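J.: Could you have a look at this structure, given as structure tokens, before my questions?
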Amino acid sequence: MSEAVTHRPDAPARAGASGPPAGSRRRRSPIAPAPATPWLFLAPFLVLFGTFVLLPAGFGVWISLHDWDYTFPTHPFVGLSNYQALFDPSSTAGGPFWESMRATGIFTVLSVPLLLVVPLGVALMMNARFPGRNFLRAVYFAPYVLGVAVISVLWRYLLDTNIGLVNHYLGVLGLPDSTAWLTSQPAAWASLVGVTVWWTLGFNAVIYLAALQDISAELYEAAKMDGAGAWQRFRHVTLPGLRPVLMFVTVNTIIMSANMFGQSYLMTDGGPGRSTRTAIMRIAETGLSSFQMGSAAAMSYLLTVVLMALSALVFWLFRDRDAVRPRKKVRS
Amino acid sequence: MTTTYRTRGTRLTAAVAALGVLALGACSGGDAAQQQPAAFSDTYDGPAVTIDYWNGFTGGDGPFMQGLVDQFNAEHENITVKSNTVEWAEFYQKLPAAVTAGEGPDVGVMHVEQLSTNAARSVIDPVDPLLDGIGLTADDFTPAIWDAIEYDGQRYGVPLDVHSLAMYYNTEHFEKAGITEAPTDADSFADALDKLQAAGYEHPFWMPARWPAHLMFLSGQWQGGGEPYATDGSAAQFDSAEGVASLEWMRSIVDDGYSPADVAQDAQYVAFKNGATSITFDGIWQINDLEDSGLPYAAAPVPAVLGEQAVWASSHQFFLAHQNDPDEDKVAASQVFVAWMSEHSGDWAQAGMIPARESVRSSGVLDGTVQQPIADAIDTMRFLPPVPGLGTIQSETLEVAVADGVLGTRPPETALTEESARATSLMEENLARFGG
């Protein structure tokens, strides 16, 4: 494209030069960058990404194929046997691993819907105009800035069966006040999910809020003109407008929930029994306490594969069904 | 809670920190272990050196340890000891990674039950010449501690102190209930609980499901004459009749109404400090914390509710970290430091601990201290056998069984049988890994 549109101001100065400069080196358009330019811009990120993500991830595959205890002088190659052991429920690695995957699954199934819906409600509320709106926005986001250790220890004491404030106030209100929030099921899941929703809803709400503000007011106006009610406006204007963001929030929330570790580590210590021992907890224990890095790496990759499959499913579910065909036409 | 063991809150940071060191550790691979003990000299007159000293005294014991280190530094011109104190949980993840990467300390302190694990991983070196040099022999220690520091025919730790579980009781509550002497056996303990209840203390003895429940369980099994693990590390036996009896006793405290149900992590200790419960079992390192709280309390040995007097104990041990590339001056200076600390272990009693050496204990340093009655029962203190990797297995199995048993989610016998079988297969794997 460049040659056709180049009208160089210096052209008249070159005697006899009419049309494209024959024989001279190919000139780049002033707007087309040198081939290295994008890479140079990307370099700072790529160096970090390569060093701290790609390289370790690749090295992890290598580790997962070995009996890798870094305090031992040798790391014998064991092929796929770390993976095989995980698929053998009678092995010491397999049974506990799937138990922990199940715990992670339960937590994800319970927390993701709440973390998709509750923040949306909060965001819709925050999007309305009312006095003190900015203050409330800050209040909802506030827990998210606290660390997992802070919120976990805080709630561990609040939720304590015998000395906790939660049971105390339930008693004051005349409600059952002896629920073992952290040491019995299903109360322990309720606690972990509840605390996590309280802690992280601000993040999703902020993203929703930004997306809501992007939806053009004219669309609502037009819908109103056509006689759409509040629910219809939500269903046919708000939700479609949120679709791309909704997809991001869903994938992100699933991954965050599947990586849950700190809350159950600090609040329930994996209990009662092993019921809240999540996959990440199991992986950390295998790798960092038992020093079986090979097995831990294999577990990590299995968890990764599951998460990738889930993400793919979400992408497929959220695909823009109406827009697929027309868009293809435009592109071709 | 800022005590030796109550370090749950920081295990997360520990995991993160360990991940960081991991890359280093994993890459360096580690060369073949040469566990040649270094020769000992009780003085050091070489060039000035700085030695790195790692420990986990983050609680009330920390200032006392730092005081001793400062005193040592003042007395030794050419040796500077630099302390690095991290939480124990983090310590045990960090140390192997650091030593493997050649970034480890020269000298440090760890718990006696960790010695075998770290010896088997070549993280620490044997200290037999050091023990001989200081003149420490079996005569100066109880047989239990002397056996616990040996792994594979060599000794790996220089004992600093012993610290056991103790029974703490609220002296005000005892007075009101008309109990004049601390209970010592099953009958007097049951009697005390009844009197306390009669005096209006509804739940006089909160039974924890988590820490230190497993230590109470172990004490009970030992009292009955059982052994939780085969000493050769081949099998777990905490489902023996004595083990089942121990866990059933713990559960009965809840069933009989002496304890509320579902006591969650640390609640029993908080309740004791608040005066909501009259008796609690906890480590003697809590003494300074209880002193600060102003609670009217006293300490006594854990009563023999299930047979003979016996109680779980651990011990702080000086170790010499394995060096890929040893510096002779530093090794010599480290030994001088350990020898000096062992001599001064009497001062360490102020941190609530019991000096490990008989000669130091009998020198009068414990007179009038809270832990004195417990120190008198030192012959009843029991340690976990020196089996590599046992600590991790125990927290994965025994602790879960005890928690379930106390909470009532599984009957004690079922929980112990299931988890003991699991522990045995993990121990068999470890035996193969560490070459028996």
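Quick reminder: no glycine exception, Cβ is built from N, Cα and C everywhere.
These came from TrEMBL, pasted as-is:
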REGION    A:1-29  region 'Disordered'
COMPBIAS  A:1-11  compositional bias 'Basic and acidic residues'
COMPBIAS  A:12-23  compositional bias 'Low complexity'
TRANSMEM  A:36-63  transmembrane segment
TRANSMEM  A:106-126  transmembrane segment
TRANSMEM  A:138-158  transmembrane segment
TRANSMEM  A:187-211  transmembrane segment
TRANSMEM  A:245-266  transmembrane segment
TRANSMEM  A:298-318  transmembrane segment
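Quick one: how deep are these features, and who are their neighbours?
T.: Residues 293-294, 297, 300-301 of the same chain, all 6+ positions outside the transmembrane segment (A:36-63), place their C-beta atoms under 8 angstroms from a C-beta of that stretch.
Packing against the transmembrane segment (A:138-158) from elsewhere in the chain are residues 122, 126, 164-166, 182, 191, 195, 198-203, 205-206, 262-263, 265-267: each is 6 or more residues past its ends and has a CB under 8 Å from a CB in it.
Listed by sequence, the residues of this chain that lie at least six past the ends of the transmembrane segment (A:298-318) yet keep a Cβ under 8 A from its Cβ atoms are 60-61, 64, 82-83, 85-86, 93, 97, 101, 104, 243, 246-247, 250-251, 254-255, 258, 279-280, 282-283, 286.
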